[in-house]
């Protein structure tokens, strides 16, 4: 048979199962056609691909097969093509059937050959079709992605997905050929290439260390290979035309394939050895199951490899070297290595990555046998621990997955402990710079494998300043120095340094040495020779580098701040370091000094003379360390001396070249050594640290002798070892004054040990200082480390009950006995490794201590927790913290917030509430100004003028931000924006570091307030003029806006002062928690996948409707503000175009905020999609969206028809807000099984956190099609509904954020919209909402109002449930049966069963345990479908909230409360008042002993039992709770009653709230007395009954209670009985 003359490509063939069937090369289309037609004769050849691949490659294959068939005139074979939709959704039973139908329709028979052209989905799906069609036909794999090339196409695994999981139905069916055309990768998006590199790295990690080492060094070359274009030239088809990069790429692919092919040949059906290719997949697949399809397979496996490496490290079978190398290699290719990676955190589903969820998914893994999870463990790079997956216990995996950990106190099992610490961070970073600058090769031993050294190495590689390789299994780093030659990175490439301060400071000067390149893409008039861009994370952008930059600029280097003055990021001009005299301020960081010293020998023009100025030099030992290391690398620095021999702070550095020593051993880290030594000290055991002794270069090596020995430890130190033996537990002694200037990083360890030191020496202290004092000085620089460490230690020690005092240069710690420390403390670690490790020392003796951010130790001791367990012998368990927002935050969530606004706007009031709600510190800048200057602002302005005041004000703001970079709210003076310097400072802060909030208030209210205010300086002009001048500046510098409502509109609607104040507090707390992302106000029901609704408001003006909002929102989870329907005239909007003003929308939004705490859905609906907003007004629409972000709106509905760039920009700035990406088709043309809806969904899924697609139902079948579509698209919450009457069924069946209306609304927002009541009724009628039975247990209860309360609530929301009375005074078998019945929905419990019911429950809330009573039973579904019974107490919440809501004045440290009574209700009252934050609680009972006994059960509540109500030890109470029957109290002093006399002095405070727990009569003595006291508000017992019932109702139903209707029913009956 004649064949075409096909140019034979140069191939690499890989054997599998005894056949050379895997052919690898470039540009293979003609070769593939010829080979298939020649070697696989058939009547029909069918090529199947997807639409995405078809665009790039289908035409060339059609041409190749057409030509090949034409060259074979004797053949009658057909060549058919079939194109299917792309993506995982095609890999289904339906997708398989569609291909099979195509084959059958085209009369394909058993001799057909099927070709799969595409990625893994195509290969898996088409392979399974081939395996089953006609009982098996031949097929060919032609993978087009790197992932498919090296993984899914090799080995014969084929499968489809089902709703139960991926690849659950399939077969082993080997392809006849696998053709690997590496030229395909040129058309692959970089992310897809990187996705495949994860599998390549995995294969090398389990099998071949040499290949792994090559991958570590080859990332730039491999990216260059796929970045080149050879498609037009066919370059690479033959070796003669193949570039070096192409050869490398083909080598990488074939080597990876070769390993898998070898393993498959030995174990085709995956009985053991083939499990090895699943390294990273056990955990990776679990992550993928949650995040698919947004996060790719390789990205999930990359995270899985790191985590499974950590599992092996924890089990002691893999060193940190191995984990570090895997992490570095993955990062080199841009793969995520943690679930905290911003790309992962940006996915809404990432909130579902809980430990229990991942462990549950891991149960279903084909590698498992029995309950144990099977994980492939590495023993080193290139070698697995076993030749199969190894069984691992859940607690081991849990500890690795957990973000936090709990240290279990005890005596170290390893006592006496002998260990070494990781390599010194300080020496490791210096050695890397020196070896890179030097000539020759240097082998570094004991290098620290951590985040810090990784970013240093990555930066040096990007600068092409050195080459790195590994020897001895990764124990030795081989550095080939570049002799000081550095190259500008490509344009757009930034050197990202994370929070690595050492790397940032050293590299700042290194980058000045970069060679000039006027042709660089970075060259400009400002930087004619190009520049390097260095940056870091949010905290790094707060850490100072100003003194170093000032010194470099003064020496002629070009350095530019890009955001905040004095901090990264920087543009650093190329061209060299000039040299000569350099003056440097070294009182903040010795790293500035070392940075210049290290680079000075490479000065361009003259020798460097480095002169240190500005006061005492900090951390001199670290400068000495740098000098010693420079000498080792061949350059000796001379430090000048005075005539008397005193050393001066002047250094002469000659111009020279470093000569790399052949080997350099890095000392162990002395700062890290302090932790195990301190564990020995605090637990009374012995620890020896190797490689740290008197000969150490590091100042922290003196910690044991200078601190622990003085505290009472036995210390032995040789040149190379340090041994500490602690005294018996509890016998450490305070040491008075200790100067730690030479070992500043060790101060945190000293602080936690000092916290448990008893009375000792007061050496160096004043005579009146307590003898349990340890005063630590010389550590001021620790305020500008990874966090403000001095403040961090003070704040966290306070949680343990340890008292401290902050000093200018340090702090004092007042030690106390271990047993008196608070237990179960959760320590916030500030993402600071030293904070975490220091508190882990204290945790060894304080039970229940949780370290919230355990991974921050990876900066210097990545395996600290493993070593703490395995080497020291203190157990650590993984803890999952309560979930916080996964949203991408522009800032560190704990970045300090600046408040700006006019004088009189309420900045101080709002700031104080905000700080209290976040648990942060509040600072009024004006008060700080007065404290520092000793003058009132008005006095200062009068004496020195406004200009001087503005300058001083600017400096104070800068100081406050430097001193308080996190967890602080700073309120500024109204005129701060008058200064251009301040405006630049505030704008830069808001762009890069943290929120700047503009507190707004109606201008007329401000004018009225300031007209009567005299304490502050006069403006010298009209206040209104000042306001209108500043107002645009406030908007310019701010990132967010908060409207300070005075409550005028609330008062007009009958709200009490207490309710107005409460609304302000609630909204302030919501706003600041939302914009920080610390506790976003998002719908829990939506997040948890439960049924949820939002109410669509259609009012043109909300203000008149404010009183109706609580009624309208019953049952809703959020409120939709239809911005396009707003109209300041109050007239309904009749149609487009309608563009409401920003100010009007802001006012409406704020009114809504102060009326309801529900999340807001901010919607601007265009005319084409059913609204009134013009489709062409994109600029105006995004101005409104920006307003929503500035006001902290929770959900923003964004139509995907707007321009993609605008949407992407909005998404990048959304913070904790979520985007509902929406599309509405009013025509009815969109079909739920068509291509258009898939296209719209894919677009919406890419940009939105929630997807909303609305169609129009023309028949009832359209609802079923929608249902099927929704079932297949579950990666994100999906709102899918059909409009019109025929579409109402879709609203009933939709579960996520169904838009609902209410009968009281003026119009419905869309045709067919239903109420919550309508939907519940329909669900019940369709069998989707089963009726449940609820009960009240207790006796006597015949006249209880609870049935009326709850049954009214069920009726109003259309719920088919019933609430019954079950009268009983004992727990009977019938009660036991009722609460375990399938229809049991929940129960209220009253006397006498509140305690007796507890043994029947599976779990009891902490508050119910503390109160000692359960009044509510809530059934909860477990993961396995069974039911657990949860008991809680809602009485305390009712007391808490009604007291809080009626307090006019906020709670301060001086606020007091009074509880009358000492029974069970009094316990709930005490718990509620303590939860309010009131620190002094008076307790009165007729029997004082009973009061004292009750007080003793709550020793931390600040309870003071009273003998009389006539006077109070402190301030009079502003909250009074009466837990005494009404008959037991009287206001008649001369009464013969045995009741408690209530004197008028009870209510002597000017305002307050009294809560009466007695149900009858309506007006009790205490309420009557309060009614006579101006400013006091009374809460009746019936109000408490209703309030606690609302919480029960919402806990049982998951729906917001229709409070107004429920309460109206109860009050009506109650009043009729009086």
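Numbering starts at 1 and runs along the chain as it is shown here.
From the backbone N, Cα and C atoms, a Cβ is placed for every residue, glycine too.
Pulled from Swiss-Prot:
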- 856: active site, for EPSP synthase activity (ACT_SITE)
- 1252: active site, schiff-base intermediate with substrate (ACT_SITE)
- 50-52, 88-91, 119-121, 124, 144-145, 166, 184-187, 195: NAD(+) binding site (BINDING)
- 135, 151, 157, 167, 199-202, 260, 274-278, 281, 297, 366: 7-phospho-2-dehydro-3-deoxy-D-arabino-heptonate binding site (BINDING)
- 199, 281, 297: Zn(2+) binding site (BINDING)
- 901, 902, 903, 904, 905, 906, 907, 908: ATP binding site (BINDING)
- 1-394: region '3-dehydroquinate synthase' (REGION)
- 407-874: region 'EPSP synthase' (REGION)
- 1331-1618: region 'Shikimate dehydrogenase' (REGION)
Long-range Cβ environment of residue 91 (NAD(+) binding site), under 8 Å and at least 6 residues apart
121, 124, 125, 159, 160, 161
The binding-site residues listed are 274, 297, 901; by CA-CA distance, the one closest to residue 1252 (active site, schiff-base intermediate with substrate) is 297
To the nearest Å, how far is the Cα of residue 903 (ATP binding site) from the Cα of residue 135 (7-phospho-2-dehydro-3-deoxy-D-arabino-heptonate binding site)?
83
Using only C-alpha positions, which one of 88, 195, 281 is spatially nearest residue 901 (ATP binding site)? These are the binding-site residues in the record.
195
Please state whether DSSP places residue 199 (Zn(2+) binding site) in a helix, a strand or coil.
helix
Residues satisfying Cβ distance under 8 Å from residue 167 (7-phospho-2-dehydro-3-deoxy-D-arabino-heptonate binding site), sequence separation of at least 6:
124, 157, 159, 160, 161
Of 135, 185, 297, which is closest to residue 199 (Zn(2+) binding site) if I measure between C-alpha atoms? They're all binding-site residues.
297
Proximal but sequence-remote residues of the same chain as residue 906 (ATP binding site) (Cβ under 8 Å, at least 6 apart)
999, 1001, 1044
Cα of residue 88 (NAD(+) binding site) to Cα of residue 274 (7-phospho-2-dehydro-3-deoxy-D-arabino-heptonate binding site): how many Å, rounded?
25
Taking the Cα of residue 195 (NAD(+) binding site) as the centre, which of the recorded positions listed as 135, 281, 297, 856 lie within 10 Å of it?
297
Do me a favour and check the Cα-Cα span between residue 50 (NAD(+) binding site) and residue 904 (ATP binding site); whole Å is fine.
64
Can you grab the distance from residue 135 (7-phospho-2-dehydro-3-deoxy-D-arabino-heptonate binding site) over to residue 904 (ATP binding site)? Cα atoms, rounded to a whole Å.
82
Arithmetic mean of per-residue pLDDT over the region '3-dehydroquinate synthase' (1-394)
90
Within a 10 Å radius around the Cβ, which one of these recorded positions has the most neighbouring Cβ atoms: 903, 907, 1252?
907
Going by Cα-Cα distance, pick out whichever of the binding-site residues 902, 904, 905, 908 is nearest to residue 201 (7-phospho-2-dehydro-3-deoxy-D-arabino-heptonate binding site).
908
Which three-state DSSP class does residue 281 (Zn(2+) binding site) fall into?
helix
Looking only at C-alpha atoms, tell me how far residue 905 (ATP binding site) is from residue 277 (7-phospho-2-dehydro-3-deoxy-D-arabino-heptonate binding site), rounded to the nearest Å.
64
Which one is it: of the binding-site residues 135, 274, 281, 297, which Cβ has the fewest other Cβ atoms within 10 Å in this structure?
135
Candidate binding-site residues 145, 185, 281, pick with smallest Cα gap to residue 274 (7-phospho-2-dehydro-3-deoxy-D-arabino-heptonate binding site)
281
